[in-house]
Amino acid sequence: MTQFDKQYNSIIKDIINNGISDEEFDVRTKWDSDGTPAHTLSVMSKQMRFDNSEVPILTTKKVAWKTAIKELLWIWQLKSNDVTELNKMGVHIWDQWKQEDGTIGHAYGFQLGKKNRSLNGEKVDQVDYLLHQLKNNPSSRRHITMLWNPDDLDAMALTPCVYETQWYVKQGKLHLEVRARSNDMALGNPFNVFQYNVLQRMIAQVTGYELGEYIFNIGDCHVYTRHIDNLKIQMEREQFEAPELWINPEVKDFYNFTVDDFKLINYKHGDKLLFEVAV
């Protein structure tokens, strides 16, 4: 049993047993297959904590880990909102939200690419500012990135689910706290928890720190009603030991990472489970 499997199953059980239904509301989300309202059971404010002795990835089902890393690189490294760039990587998870111009509007990578921080007399974006400050001002309590920009929310195809990171350097270790306003536990959470841990490992490597604690906070923690049956099946499955994530130690520049610089070794998992997408 992995740290992630244990915490994940605990949250799923809590939502199924104690979650509050939103069926009283005319909800925004619709099922992609038939356009009917996609309702949820939800609880508020859940936290997952990992000591980084193992990589947090589910073993009760197969997680498309390379796809998760490609999405991470698209947002954090390319700082892109262009869905066609993601399509070129063979990833189509954002196709349902693609606008006429081929982008997701002013969301995700667009926000990270804005040059809105002052550094040594010039403007830089949030990622470059974070990397510089972690190296040169590690004791700061202001190592934060933010994707929730009220000025741009109306210009986003989808407002960010994971919207904030806060980084701490203590005793030579890089700790990361992530905040998600909303998390679809069947589809979004396994991706997000894994990929932001990968981000922590990447940034620790290029800034010269050891790995510290990893904390993932969720505001609206929910399960879609059509996902419940398969989630119950998933929770009863055999759990395996956590795999090892290898990251190419030769990469010292954040912008030089490619998906080929990552290997998930001995990843044992249950069969893939299909969960319908709500948009």
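Keep in mind that glycine also has a Cβ here, set from the backbone N, Cα and C atoms.
The dUMP site in Swiss-Prot is built from R141, R142, R181, S182, N183, D184, H222, V223, Y224 plus one of N149, N192, N197, namely N192. Looking at A278 ((6R)-5,10-methylene-5,6,7,8-tetrahydrofolate binding site) and R181 (dUMP binding site), their Cα atoms lie 17 Å from each other. In the structure shown, across all protein chains, N183 is the one of the binding-site residues N183, N192 with the greatest number of other Cβ atoms within 10 Å. The Cβ of R141 has fewer other Cβ atoms within 10 Å than any other of the binding-site residues R141, R181.
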